[in-house]
Amino acid sequence: MNGTEGPNFYVPFSNKTGVVRSPFEYPQYYLAEPWQFSMLAAYMFLLIVLGFPINFLTLYVTVQHKNVRTPLNYILLNLAVANHFMVFGGFTTTLYTSLHGYFVFGSTGCNLEGFFATLGGEIALWSLVVLAIERYVVVCKPMSNFRFGENHAIMGVAFTWVMALACAAPPLVGWSRYIPEGMQCSCGIDYYTLKPEVNNESFVIYMFVVHFTIPMTIIFFCYGQLVFTVKEAAAQQQESATTQKAEKEVTRMVIIMVIAFLICWVPYASVAFYIFTHQGSDFGPILMTLPAFFAKSSAIYNPVIYIMMNKQFRNCMLTTICCGKNPFGEEEGSTTASKTETSQVAPA
């Protein structure tokens, strides 16, 4: 084995020379240079500085402006709440531990950090799934005479929490476990060992199928159908400049959102899958740390894509930031008239 396994950790470094120490008790500077740990801390600080304001502003704007408190926007608020879990439950902890070079909060702290970081990430993931389904239902109308309302929006939000808990809670009660990962300064699900005592293999398979493959399939299907429907409508109304513009905006939105999803989750899932299917193979701590950067960065770019590209939200944010005056001269409700045509389809 090219790593060292302890009772509640796995360090991706052979202990042939006897230098490996518990990531809960000693700095892990044999895994990476001290400056690399400092860079990790700096990156976490950047995520906090950028991630907290934009997500907090989303919630604040919703309280201040009634016209954005619509059922179709509930899931966007849920996304902002999920990102706060990631900021406070994961980023702040990793910032502190990176400055010390090891996970100073012990095994219990690892469980808590792993749980909240996973919970926030999974709520965000399933929020994107629900958002795709909602847009598919509203635009493509697979069910005739169906009207999307507040109860449906609340059910969608509740669904994201149920699915997130179904992923984040089992490691706390004996199905898999949370251990330090990468440079041993943050905690996540154990992809490194089979650990039959906690049925780790079955949980990892469950994770890849239910919490990666299925969400990705749903998102690709819904947005594929959405683009097809909008293009078909545009072809039937070629003389309408508004319809043509909406088609281009929707297509652009779908491309951006699919790419964002892939950037966020594919690197992390791919590396985790490789590590799990190549038990004992030689890999450095950076291999798992870098993909985690992409996943954690979603707390910044997901709000930008899904919220700030929403014209209603954007106008209200500008009005709030500029003390009640939109510098671009657009009124908060300027998109209300076209809401059924574009704002429910695309956040552009």
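Any Cβ shown, glycine's included, is placed from N, Cα and C.
In the three-state DSSP reading, Asn2 (N-linked glycosylation site) counts as coil. Every protein chain shown contributes to the tally, and the Cβ of Asn2 (N-linked glycosylation site) ends up with 14 other Cβ atoms within 10 Å. For Asn2 (among others), the entry in Swiss-Prot reads N-linked glycosylation site, with the evidence type sequence analysis.
DSSP classifies Asn15 (N-linked glycosylation site) as coil under the three-state reduction. Summarising the environment of Asn15 (N-linked glycosylation site), the number of other Cβ atoms within 10 Å of its Cβ, over all protein chains shown, is 14. The feature N-linked glycosylation site is assigned by Swiss-Prot to Asn15 (among others).
Summarising the annotation, Swiss-Prot assigns transmembrane segment to 37-61 (among others) and lists similarity to another entry as the type of evidence.
Secondary structure of the topological domain 'Cytoplasmic' (62-73), assigned with DSSP and counted as helix (H, G, I), strand (E, B) and coil, comes to 9 helix, 0 strand, 3 coil. What Swiss-Prot lists as topological domain 'Cytoplasmic' is 62-73 (among others).
Residues or ranges marked as transmembrane segment in Swiss-Prot: 74-96 (among others). A Cβ distance under 8 Å defines the sequence-distant neighbours of the transmembrane segment (74-96), meaning residues of its chain 6+ beyond its ends; these are 40-41, 44-45, 47-48, 51-52, 55-56, 58-59, 62, 104-105, 109, 112-113, 115-117, 119-121, 123-124, 127-128, 130-131, 134, 150, 153-154, 156-157, 160, 164, 185-186, 296, 298-299, 302-303, 306-307, 310, 313.
The secondary structure of Cys187 (disulfide bond), as reduced to three states from DSSP, is extended strand. Long-range Cβ proximity for Cys187 (disulfide bond), meaning a same-chain Cβ under 8 A and a gap of 6 or more residues, is found for Phe103, Cys110, Asn111, Glu113, Gly114, Ala117, Tyr178, Ile179, Pro180, Glu181. Marked as disulfide bond by Swiss-Prot: Cys110-Cys187.
Sequence-remote contacts of a segment are chain residues at least 6 beyond its ends whose Cβ falls under 8 Å from one of its Cβ atoms, and for the transmembrane segment (111-133) they are 75-76, 78-79, 81-86, 88-90, 93-94, 105, 156-157, 159-161, 163-165, 167-169, 171-172, 178-179, 186-189, 211, 215, 218-219, 222-223, 257, 261, 265, 295, 298-299, 302, 306. Sequence annotations record features per position, and here Swiss-Prot assigns transmembrane segment to 111-133 (among others).
With DSSP classes pooled into helix, strand and coil, the tally for the topological domain 'Cytoplasmic' (134-152) is 10 helix, 0 strand, 9 coil. The topological domain 'Cytoplasmic' annotation in Swiss-Prot covers 134-152 (among others) and rests on a curator's inference.
Taken from Swiss-Prot, the feature transmembrane segment applies to 153-173 (among others). Listed as Cβ neighbours of the transmembrane segment (153-173) (distance under 8 Å, sequence separation of 6 or more from its ends, same chain) are residues 71-72, 74-75, 78, 82, 111, 114-116, 118-119, 122-123, 125-127, 129-130, 133-134, 189-190, 198, 203, 207, 210-211.
For the recorded site, Gln279 (Zn(2+) binding site), the DSSP three-state label reads coil. Marked as Zn(2+) binding site by Swiss-Prot: Glu201, Gln279.
For 203-224 (among others), the entry in Swiss-Prot reads transmembrane segment, with the evidence type similarity to another entry. Same-chain neighbours of the transmembrane segment (203-224): 122, 125-126, 128-129, 132-133, 135-136, 163, 166-167, 170-171, 175-176, 189-191, 254, 257-258, 261, 265, 269, 272-273, 276, counting only residues six or more beyond its ends whose CB sits under 8 Å from a CB of the stretch.
For 225-252 (among others), the entry in Swiss-Prot reads topological domain 'Cytoplasmic'.
Here Swiss-Prot flags 253-274 (among others) as transmembrane segment, drawing on similarity to another entry.
Within the same chain, residues 12, 40, 43, 47, 50-51, 54-55, 58, 76, 79-80, 83, 86-87, 90-91, 120-121, 124, 128, 131, 181-183, 186, 188, 256-257, 260, 263-265, 267-268, 270-272, 275, 314, 317, 347 sit at least 6 positions outside the transmembrane segment (287-308) and bring their C-beta atoms closer than 8 Å to a C-beta of that stretch. Sequence annotations record features per position, and here Swiss-Prot assigns transmembrane segment to 287-308 (among others) based on similarity to another entry.
Per Swiss-Prot, topological domain 'Cytoplasmic' is recorded for 309-348 (among others). The average pLDDT the prediction assigns to the topological domain 'Cytoplasmic' (309-348) is 61.
Per Swiss-Prot, the feature S-palmitoyl cysteine maps to Cys322 (among others); the stated evidence is similarity to another entry. In the three-state DSSP scheme, Cys322 (S-palmitoyl cysteine) falls into the coil class.
Cβ contacts within 10 Å of Cys322 (S-palmitoyl cysteine), excluding its own Cβ and spanning all protein chains shown: 11.
Asn15 (N-linked glycosylation site) has Gln279 as its nearest neighbour among the recorded positions Glu201, Gln279, Cys322, Cys323, going by CA to CA distance. Taking the C-alpha positions, the distance from Asn2 (N-linked glycosylation site) to Glu201 (Zn(2+) binding site) comes to 19 Å.
Sequence-distant contacts of the topological domain 'Cytoplasmic' (134-152), counting only residues of its own chain at least 6 positions beyond either end whose CB sits under 8 Å from a CB of the stretch, comprise 71-72, 74-75, 221-223, 225-226, 229-230, 344-345.
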